[in-house]
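Taken straight from TrEMBL:
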DOMAIN    33-85  domain 'Acetyl-coenzyme A synthetase N-terminal'
DOMAIN    92-484  domain 'AMP-dependent synthetase/ligase'
BINDING   ARG195, ARG196, GLY197, LYS198, THR318, ASN342, SER532  CoA binding site
BINDING   GLY394, GLU395, PRO396, ASP418, THR419, TRP420, TRP421, GLN422, THR423, ASP509, ARG524, ARG535  ATP binding site
DOMAIN    540-619  domain 'AMP-binding enzyme C-terminal'
BINDING   VAL546, HIS548, VAL551  Mg(2+) binding site
MOD_RES   LYS619  N6-acetyllysine
Amino acid sequence: MTEQSPALDNLLTESRTFPPSEDFAAQANAKADLYAEADADREAFWAKQAERLTWDTKWTTVLDWTNAPFAKWFVGGKLNVAYNCVDRHVESGHGDQVAIHWVGEPGDTRDITYAELKTEVSKAANALTSLGVGASDVVAIQLQMVPEAIFAMLACARIGALHNVVFGGFSPTALRARVDDAAAKVVITSDGQFRRGKAAPMKANVDEALEGAETVEKVIVVKRTGDQLEGDVPWTDGRDLWWHELVDGQSEEHTPEAFDSEHPLFILYTSGTTGKPKGILHTSGGYLTQTAYTHHNVFDHKPGEDVYWCTADIGWITGHSYIVYGPLANRVTQVVYEGTPNTPHEGRHWEIIQKYKVSLYYTAPTLIRTFMKWGAEIPEKYDLSSLRVLGSVGEPINPEAWIWYRETIGAGRTPIVDTWWQTETGAIMISPLPGVTSTKPGSAQKALPGISAKVVDDQGNEVGPGGGGYLVLDKPWPSMLRGVWGDEERFKDTYWSRFKDQGFYFAGDGAKYDNDGDVWLLGRVDDVMNVSGHRISTTEVESALVSHPTVAEAAVVGATDPTTGQGIVAFVILRGNAVDGGEEAIQALRNHVAKEIGPIAKPRQIMVVPELPKTRSGKIMRRLLRDVAENRQVGDVTTLADSSVMDLISSGLKSGKSEE
Ligand code: PRX
């Protein structure tokens, strides 16, 4: 198990509960009987949820689990995912409903109705087809939060191509690895992006990434920053095309083709315990069923009435499942915001909520803690009375932040849904139901109706009330990952081998039951860090560090951080001939990691040490390094090959070699 921080210990003694108001409960989409309904017949329950969608051909079998862990859901069914997210809403008479209130960072806005969304997605689908992109081809997308990102994803879905969205903050090296692994045929990006009031280049980085990339035939470039970007946009004739030149002239008509329920929808790369990111594969029918079901019930979304805002980036799974697929399948009206929360001022989110009367707001604990730091007087200046459900995702939310969120943003009135899930699960798995659950600050509480999760011990036996252990999912679910792209063995090893005998999916998280049987998430138990709700593997950062010529060895740990959840702390041994750990050398190392992976992986702190603590078999004892990183008394050192190492490290640090 990972070390528990004092905050996690506190949360285990948390006993406040917040039942929904009678009014809220009475009007809620999900009532208490949903649990019993699902328990009575899980497959019938999921079949009913799948009826939310429009199928071209109905399925014959709800679930085929005979070839576990490779699931098939809604076998024999056919549907078009983009049709479900767009066209059917126009056909049912809601073409004039706003789908997206888009807000650009500089203050420009664009309201896109479902009819307009249909036109844009159809044109983009025709454009991709004109480039020879067909079903099962892969399109990589590295775009900031502009409407074209959503058009592009839906256009891929419409023609049966897989998208592979790469977060805009990832470095050229990281982009290239994801383009190569998925053999992407087309890359979609922009000239530049606005970031904290400045135009920064995007296309230049993409070009650097694609140098010599063999699979990429075309690069489509959305013009976003235009003249505001310094210098020319690098251009390769014959390969590069402007989005507006390619897409604008296309026909607005496009007939969506129905694809098999198990047709691949997208790949999204996520960090694992090794240096190489995993391409998580999701398919169509089951994924859309569960994202739509959870969005409807967890956020209590009422189409045509609510205004929803999920603040995630489409580069992450939350953006895929809770900006694009689930919400649009449910005919949402939603805000999509391009920029950072403090541009041009720290009240930007509250100003947007006030302007669009946002009623459902979904964000991450790291941002809530940042808002707390900025001060309650900022949101207090705005009218937030439209809010009726608040959501949290990405990491355990500490009770202080939870209470602040409810009191300051939700006026002490709104239910908070703390939603636990993963890139791999595709959709929310453990969460309160806002009209049913008496919520507890810091607990994700119970698996949703239709979902089964357990906390088990080392042997896979379920622990009792008050007991802690590993979180597993013991029954297949519709939006589960269908594999790791191109690596069947890694899929089985990573998720299904830890509790092979029982056939459990191992989530990688530690968890605990309280005396009511509610689940409290305790963070990762493997070598994966959670920085601002983003998964970064220790090995990935270590590999980046040792790829620098001055570094001989590196060990990386996630240390508790009051704002980002965890911060990356690296311990490095420099090569004999390297300059000794001065400010500049350390800054160069931090920049090197940013270049290799992306700025999100930049270590908060790098400590130069003479040795690393290792067991006799050579395994680095991260537990001890975490003690150092969190300024704790160093724990038991008896299993170290050389127990004096920790003294060496501590004395080295006292001599002032730590950074920042
Ligand atoms: O450790 C858990 C944490 O985030 C991990 C999944 O990360 P990712 O695939 O990037 O997806 C993030 C968005 C779904 C989990 O293994 N996590 C996510 N949500 C919560 C959480 N930990 C505690 N509480 C949550 N609500």
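Every residue, even glycine, has its Cβ placed from backbone N, Cα and C.
What TrEMBL annotates, mapped onto the structure for a quick look.
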residue	record	DSSP (3 states)
ARG195	CoA binding site	strand
GLY394	ATP binding site	coil
TRP421	ATP binding site	coil
SER532	CoA binding site	coil
VAL546	Mg(2+) binding site	helix
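VAL551 (Mg(2+) binding site) sits 18 Å from LYS619 (N6-acetyllysine), taking the Cα positions as reference. On a Cα basis, SER532 (CoA binding site) lies 14 Å away from ARG524 (ATP binding site).
Note on proximity: of the recorded positions GLY394, THR419, TRP421, LYS619, the one nearest SER532 (CoA binding site) is GLY394, by Cα distance. The Cβ of THR419 (ATP binding site) has 23 other Cβ atoms within 10 Å, all protein chains considered. Checking Cα-Cα distances from GLY394 (ATP binding site) against the binding-site residues (ARG195, GLY197, THR318, ASN342) with a 10 Å cut-off leaves THR318, in sequence order. For the pair formed by ARG195 (CoA binding site) and HIS548 (Mg(2+) binding site), distance between Cα atoms is given as 28 Å, rounded to the nearest Å.
For ligand 1, the recorded positions lying close by, meaning a CB under 6 A from one of its atoms, are THR419; the full candidate list was GLY197, THR419, LYS619. Between the two most distant C-alpha atoms of the annotated ATP binders (GLY394, GLU395, PRO396, ASP418, THR419, TRP420, TRP421, GLN422, THR423, ASP509, ARG524, ARG535) there are 18 Å.
By the criterion of other Cβ atoms within 10 Å of the residue's own Cβ, the least surrounded of the binding-site residues GLY197, GLY394, PRO396 is GLY197. Under 8 Å, Cβ to Cβ, and six or more positions away along its own chain, LYS619 (N6-acetyllysine) finds no residue. Each of the binding-site residues ARG196, LYS198, ARG524, HIS548 was scored by how many other Cβ atoms lie within 10 Å of its Cβ, and the smallest score goes to ARG196. Here the C-alpha separation of THR318 (CoA binding site) and HIS548 (Mg(2+) binding site) works out to 33 Å.
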